[in-house]
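Participant: I have a structure I would like to understand better, so I am pasting it below and will then ask my questions one at a time.
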Amino acid sequence: MQAVQQEIAQALKVQPPFANAAALEAEVARRVAFIKDCLANARLKTLVLGISGGVDSLTAALLAQRAINELRAETGDKAYTFIAVRLPYQVQHDEHDAQACLDVIKADEVHTVDIAPAVRALAAEVAALKNGSPTLVDFVVGNVKARTRMVAQYTIAGARAGLVIGTDHAAEAVMGFFTKFGDGACDLAPLSGLVKNQVRAIARSFGAPESLVEKVPTADLEDLEPGKPDEASHGVTYAQIDAFLHGQPVDQAAFDIIVATYRKTQHKRELPFAP
(Lines of atoms letter the chains of each structure in order from A and count residues from 1; the text may use other names and numbers.)
(Lines give C-alpha, C1' and ligand atoms only; values in the text may rest on other atoms or scores of the structure.)
Protein backbone atom coordinates (compact mmCIF):
# COMPACT_ATOMS: atom_id res chain seq x y z
CA MET A 1 0.00 0.00 0.00
CA GLN A 2 1.36 3.38 -0.95
CA ALA A 3 1.28 6.17 1.62
CA VAL A 4 -1.42 8.13 -0.21
CA GLN A 5 -3.65 5.05 -0.36
CA GLN A 6 -3.29 4.59 3.38
CA GLU A 7 -3.97 8.27 4.01
CA ILE A 8 -7.17 8.24 1.95
CA ALA A 9 -8.39 4.91 3.34
CA GLN A 10 -7.92 6.16 6.89
CA ALA A 11 -9.67 9.45 6.14
CA LEU A 12 -12.67 7.58 4.74
CA LYS A 13 -12.57 4.95 7.50
CA VAL A 14 -12.49 2.18 4.93
CA GLN A 15 -13.38 -1.21 6.38
CA PRO A 16 -11.17 -4.22 5.62
CA PRO A 17 -12.40 -6.87 3.19
CA PHE A 18 -14.80 -9.43 4.64
CA ALA A 19 -12.67 -12.43 5.57
CA ASN A 20 -15.60 -14.83 5.43
CA ALA A 21 -19.38 -15.07 5.74
CA ALA A 22 -19.21 -14.70 9.52
CA ALA A 23 -17.32 -11.42 9.19
CA LEU A 24 -19.91 -10.15 6.73
CA GLU A 25 -22.77 -11.02 9.07
CA ALA A 26 -20.97 -9.38 11.98
CA GLU A 27 -20.61 -6.19 9.94
CA VAL A 28 -24.29 -6.29 9.02
CA ALA A 29 -25.20 -6.66 12.69
CA ARG A 30 -22.90 -3.77 13.61
CA ARG A 31 -24.49 -1.48 11.07
CA VAL A 32 -28.03 -2.47 12.04
CA ALA A 33 -27.12 -1.68 15.66
CA PHE A 34 -25.74 1.67 14.50
CA ILE A 35 -29.06 2.56 12.88
CA LYS A 36 -30.94 1.56 16.04
CA ASP A 37 -28.59 3.67 18.15
CA CYS A 38 -29.14 6.69 15.88
CA LEU A 39 -32.89 6.46 16.42
CA ALA A 40 -32.47 5.99 20.17
CA ASN A 41 -30.13 8.96 20.46
CA ALA A 42 -32.51 11.15 18.45
CA ARG A 43 -35.52 9.83 20.38
CA LEU A 44 -37.28 9.18 17.10
CA LYS A 45 -38.96 6.12 15.60
CA THR A 46 -39.07 6.71 11.85
CA LEU A 47 -36.53 6.29 9.06
CA VAL A 48 -36.86 7.73 5.55
CA LEU A 49 -34.86 6.68 2.48
CA GLY A 50 -35.18 7.33 -1.24
CA ILE A 51 -35.13 4.19 -3.41
CA SER A 52 -33.52 4.67 -6.81
CA GLY A 53 -33.39 1.14 -8.17
CA GLY A 54 -29.65 0.83 -7.55
CA VAL A 55 -27.80 -1.45 -5.16
CA ASP A 56 -26.74 1.32 -2.76
CA SER A 57 -30.25 2.42 -1.78
CA LEU A 58 -31.37 -1.21 -1.85
CA THR A 59 -28.67 -2.21 0.65
CA ALA A 60 -29.24 0.78 2.93
CA ALA A 61 -32.97 0.06 2.90
CA LEU A 62 -32.48 -3.60 3.78
CA LEU A 63 -30.36 -2.59 6.78
CA ALA A 64 -32.93 0.03 7.79
CA GLN A 65 -35.92 -2.28 7.57
CA ARG A 66 -34.09 -4.93 9.59
CA ALA A 67 -33.28 -2.33 12.26
CA ILE A 68 -36.92 -1.28 12.43
CA ASN A 69 -38.12 -4.89 12.56
CA GLU A 70 -35.74 -5.61 15.44
CA LEU A 71 -36.81 -2.50 17.34
CA ARG A 72 -40.48 -3.44 17.04
CA ALA A 73 -39.72 -6.97 18.21
CA GLU A 74 -37.56 -5.80 21.10
CA THR A 75 -39.86 -3.05 22.36
CA GLY A 76 -43.31 -4.12 21.26
CA ASP A 77 -43.74 -0.58 19.93
CA LYS A 78 -45.45 -0.63 16.54
CA ALA A 79 -44.69 3.06 16.00
CA TYR A 80 -41.24 2.19 14.64
CA THR A 81 -41.53 2.67 10.87
CA PHE A 82 -39.38 2.60 7.76
CA ILE A 83 -40.60 4.73 4.85
CA ALA A 84 -39.20 4.01 1.39
CA VAL A 85 -39.64 6.88 -1.05
CA ARG A 86 -39.70 6.71 -4.82
CA LEU A 87 -38.52 10.01 -6.29
CA PRO A 88 -38.79 9.78 -10.07
CA TYR A 89 -38.27 12.64 -12.47
CA GLN A 90 -41.41 12.02 -14.52
CA VAL A 91 -41.11 8.39 -15.67
CA GLN A 92 -37.85 6.71 -14.67
CA HIS A 93 -36.38 4.57 -17.46
CA ASP A 94 -35.49 1.76 -15.03
CA GLU A 95 -38.62 1.97 -12.92
CA HIS A 96 -38.91 -1.81 -13.11
CA ASP A 97 -35.66 -2.08 -11.13
CA ALA A 98 -36.93 0.35 -8.49
CA GLN A 99 -40.09 -1.71 -8.13
CA ALA A 100 -38.02 -4.90 -7.92
CA CYS A 101 -36.02 -3.29 -5.10
CA LEU A 102 -39.22 -2.47 -3.25
CA ASP A 103 -40.33 -6.09 -3.62
CA VAL A 104 -37.10 -7.20 -1.92
CA ILE A 105 -37.11 -4.51 0.78
CA LYS A 106 -40.73 -4.96 1.89
CA ALA A 107 -40.78 -1.50 3.44
CA ASP A 108 -43.43 -0.61 6.00
CA GLU A 109 -44.57 2.27 3.82
CA VAL A 110 -43.84 3.35 0.25
CA HIS A 111 -44.39 6.94 -0.85
CA THR A 112 -43.92 8.39 -4.34
CA VAL A 113 -43.02 12.00 -5.11
CA ASP A 114 -42.55 13.15 -8.72
CA ILE A 115 -39.81 15.76 -8.47
CA ALA A 116 -40.26 17.03 -12.05
CA PRO A 117 -42.67 19.92 -11.33
CA ALA A 118 -40.44 21.34 -8.58
CA VAL A 119 -37.23 20.93 -10.59
CA ARG A 120 -38.69 22.54 -13.69
CA ALA A 121 -40.25 25.39 -11.76
CA LEU A 122 -36.95 26.25 -10.09
CA ALA A 123 -34.93 25.96 -13.30
CA ALA A 124 -37.40 28.22 -15.09
CA GLU A 125 -36.92 30.94 -12.46
CA VAL A 126 -33.10 30.98 -12.55
CA ALA A 127 -32.00 33.58 -15.07
CA ALA A 128 -28.40 32.36 -15.03
CA LEU A 129 -29.48 29.13 -16.72
CA LYS A 130 -31.17 30.80 -19.66
CA ASN A 131 -27.99 31.52 -21.62
CA GLY A 132 -25.99 28.48 -20.57
CA SER A 133 -24.90 25.77 -22.97
CA PRO A 134 -27.18 22.71 -23.16
CA THR A 135 -24.50 20.59 -21.51
CA LEU A 136 -24.01 23.02 -18.62
CA VAL A 137 -27.74 23.46 -18.06
CA ASP A 138 -28.25 19.69 -18.10
CA PHE A 139 -25.49 19.20 -15.53
CA VAL A 140 -26.74 21.95 -13.22
CA VAL A 141 -30.34 20.77 -13.43
CA GLY A 142 -29.11 17.24 -12.71
CA ASN A 143 -27.79 18.50 -9.39
CA VAL A 144 -31.10 20.29 -8.79
CA LYS A 145 -32.79 16.90 -9.17
CA ALA A 146 -30.55 15.39 -6.49
CA ARG A 147 -31.16 18.30 -4.12
CA THR A 148 -34.91 18.23 -4.74
CA ARG A 149 -34.99 14.54 -3.90
CA MET A 150 -33.35 15.29 -0.57
CA VAL A 151 -35.76 18.18 0.07
CA ALA A 152 -38.63 15.74 -0.48
CA GLN A 153 -37.14 13.19 1.91
CA TYR A 154 -36.59 15.80 4.62
CA THR A 155 -40.13 17.06 4.10
CA ILE A 156 -41.47 13.58 4.77
CA ALA A 157 -39.08 13.12 7.70
CA GLY A 158 -40.16 16.44 9.16
CA ALA A 159 -43.82 15.56 8.85
CA ARG A 160 -43.28 12.13 10.41
CA ALA A 161 -40.59 12.99 12.97
CA GLY A 162 -37.96 10.82 11.32
CA LEU A 163 -34.33 10.61 10.26
CA VAL A 164 -33.16 10.60 6.66
CA ILE A 165 -30.78 7.84 5.59
CA GLY A 166 -28.01 8.47 3.06
CA THR A 167 -26.38 5.94 0.75
CA ASP A 168 -22.83 7.28 0.58
CA HIS A 169 -20.03 4.71 0.81
CA ALA A 170 -16.26 4.87 0.49
CA ALA A 171 -16.11 4.07 -3.23
CA GLU A 172 -18.33 7.07 -3.99
CA ALA A 173 -16.87 9.30 -1.29
CA VAL A 174 -13.32 8.98 -2.61
CA MET A 175 -14.51 10.20 -6.02
CA GLY A 176 -16.73 12.92 -4.60
CA PHE A 177 -19.50 11.26 -6.58
CA PHE A 178 -22.49 12.83 -4.93
CA THR A 179 -24.29 16.14 -5.13
CA LYS A 180 -23.26 18.55 -2.41
CA PHE A 181 -26.30 19.11 -0.17
CA GLY A 182 -28.20 16.68 -2.39
CA ASP A 183 -27.67 12.95 -1.97
CA GLY A 184 -24.67 13.95 0.17
CA ALA A 185 -27.05 15.34 2.80
CA CYS A 186 -28.52 12.97 5.38
CA ASP A 187 -28.80 12.26 9.09
CA LEU A 188 -27.04 8.90 9.04
CA ALA A 189 -24.98 7.01 6.46
CA PRO A 190 -25.03 3.30 7.30
CA LEU A 191 -22.91 2.32 4.27
CA SER A 192 -20.06 4.65 5.19
CA GLY A 193 -16.61 3.07 4.98
CA LEU A 194 -17.69 0.21 2.72
CA VAL A 195 -16.34 -0.26 -0.78
CA LYS A 196 -18.67 -1.14 -3.66
CA ASN A 197 -18.13 -4.88 -3.60
CA GLN A 198 -18.93 -4.92 0.13
CA VAL A 199 -22.19 -3.07 -0.49
CA ARG A 200 -23.04 -5.70 -3.09
CA ALA A 201 -22.05 -8.52 -0.74
CA ILE A 202 -24.37 -7.22 1.97
CA ALA A 203 -27.27 -6.94 -0.48
CA ARG A 204 -26.55 -10.48 -1.63
CA SER A 205 -26.55 -11.72 1.98
CA PHE A 206 -30.13 -10.44 2.32
CA GLY A 207 -31.16 -12.53 -0.69
CA ALA A 208 -31.33 -9.70 -3.24
CA PRO A 209 -31.32 -11.02 -6.83
CA GLU A 210 -28.14 -10.78 -8.87
CA SER A 211 -29.91 -8.59 -11.43
CA LEU A 212 -30.09 -5.86 -8.77
CA VAL A 213 -26.83 -6.64 -6.98
CA GLU A 214 -24.76 -6.44 -10.18
CA LYS A 215 -26.80 -3.77 -11.95
CA VAL A 216 -24.60 -1.19 -13.69
CA PRO A 217 -24.48 1.80 -11.29
CA THR A 218 -25.76 5.11 -12.62
CA ALA A 219 -26.67 8.42 -11.00
CA ASP A 220 -29.03 9.03 -13.95
CA LEU A 221 -29.25 12.77 -13.38
CA GLU A 222 -28.57 14.11 -16.87
CA ASP A 223 -31.25 14.19 -19.57
CA LEU A 224 -28.66 14.39 -22.36
CA GLU A 225 -27.01 11.15 -21.19
CA PRO A 226 -29.74 9.10 -19.51
CA GLY A 227 -28.48 6.10 -17.60
CA LYS A 228 -24.84 7.14 -17.96
CA PRO A 229 -22.77 4.59 -15.99
CA ASP A 230 -20.92 5.89 -12.95
CA GLU A 231 -17.72 4.34 -14.24
CA ALA A 232 -17.94 6.41 -17.43
CA SER A 233 -18.03 9.53 -15.26
CA HIS A 234 -15.22 8.30 -13.01
CA GLY A 235 -12.81 7.25 -15.76
CA VAL A 236 -12.04 4.20 -13.61
CA THR A 237 -13.98 1.10 -12.60
CA TYR A 238 -15.41 0.35 -9.18
CA ALA A 239 -13.15 -2.70 -9.08
CA GLN A 240 -10.16 -0.37 -9.40
CA ILE A 241 -11.55 2.03 -6.79
CA ASP A 242 -12.18 -0.85 -4.37
CA ALA A 243 -8.69 -2.22 -4.91
CA PHE A 244 -7.16 1.22 -4.35
CA LEU A 245 -9.07 1.73 -1.11
CA HIS A 246 -8.02 -1.68 0.17
CA GLY A 247 -4.37 -0.94 -0.49
CA GLN A 248 -4.05 -3.24 -3.47
CA PRO A 249 -2.08 -2.37 -6.60
CA VAL A 250 -3.89 -0.64 -9.46
CA ASP A 251 -2.48 0.57 -12.75
CA GLN A 252 -0.84 3.98 -12.68
CA ALA A 253 -3.49 5.71 -14.81
CA ALA A 254 -6.29 4.61 -12.46
CA PHE A 255 -4.17 5.47 -9.41
CA ASP A 256 -3.57 9.00 -10.68
CA ILE A 257 -7.25 9.56 -11.54
CA ILE A 258 -8.43 8.42 -8.10
CA VAL A 259 -5.91 10.55 -6.20
CA ALA A 260 -6.52 13.64 -8.35
CA THR A 261 -10.30 13.30 -8.07
CA TYR A 262 -10.10 12.79 -4.32
CA ARG A 263 -8.08 15.97 -3.91
CA LYS A 264 -10.25 17.99 -6.30
CA THR A 265 -13.45 17.01 -4.47
CA GLN A 266 -12.17 17.43 -0.92
CA HIS A 267 -14.53 20.37 -0.31
CA LYS A 268 -17.50 18.03 -0.78
CA ARG A 269 -16.44 15.91 2.17
CA GLU A 270 -15.97 18.81 4.60
CA LEU A 271 -18.17 21.20 6.50
CA PRO A 272 -18.61 24.70 5.01
CA PHE A 273 -15.57 26.95 5.16
CA ALA A 274 -15.57 29.26 8.16
CA PRO A 275 -13.19 32.01 9.35
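Keep in mind that glycine also has a Cβ here, set from the backbone N, Cα and C atoms.
This is the feature table in Swiss-Prot:
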type    : residues                                                 : note
BINDING : G50, I51, S52, G53, G54, V55, D56, S57, T167, K196, T218 : ATP binding site
BINDING : D56, E172                                                : Mg(2+) binding site
BINDING : R147, K180, D187, H267, K268                             : deamido-NAD(+) binding site
Participant: Of the binding-site residues listed here (R147, E172, D187, H267, K268), which is spatially closest to D56 (ATP binding site) when Cα positions are compared?
Facilitator: E172
Participant: Among D56, D187, the binding-site residues in question, whose Cβ has the most other Cβ atoms within 10 Å in this structure?
Facilitator: D56
Participant: Take the C-alpha atoms of E172 (Mg(2+) binding site) and G50 (ATP binding site) and report the distance between them in angstrom, rounded.
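Facilitator: Roughly 17 Å, rounded to the nearest whole number.
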Participant: Can you name the residues of this chain that are 6 or more positions from H267 (deamido-NAD(+) binding site) yet have a C-beta less than 8 Å from its C-beta?
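Facilitator: When sequence neighbours closer than 6 are ignored, H267 (deamido-NAD(+) binding site) has K180, F273 within Cβ distance under 8 Å.
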Participant: Between S52 (ATP binding site) and R147 (deamido-NAD(+) binding site), how many Å separate their Cα atoms?
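Facilitator: Checking the Cα atoms of S52 (ATP binding site) and R147 (deamido-NAD(+) binding site) gives a distance of 14 Å.
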Participant: Whole number in angstrom, please: the longest C-alpha to C-alpha distance across R147, K180, D187, H267, K268 for deamido-NAD(+).
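Facilitator: Taking every pair among R147, K180, D187, H267, K268, the longest Cα gap is 19 Å.
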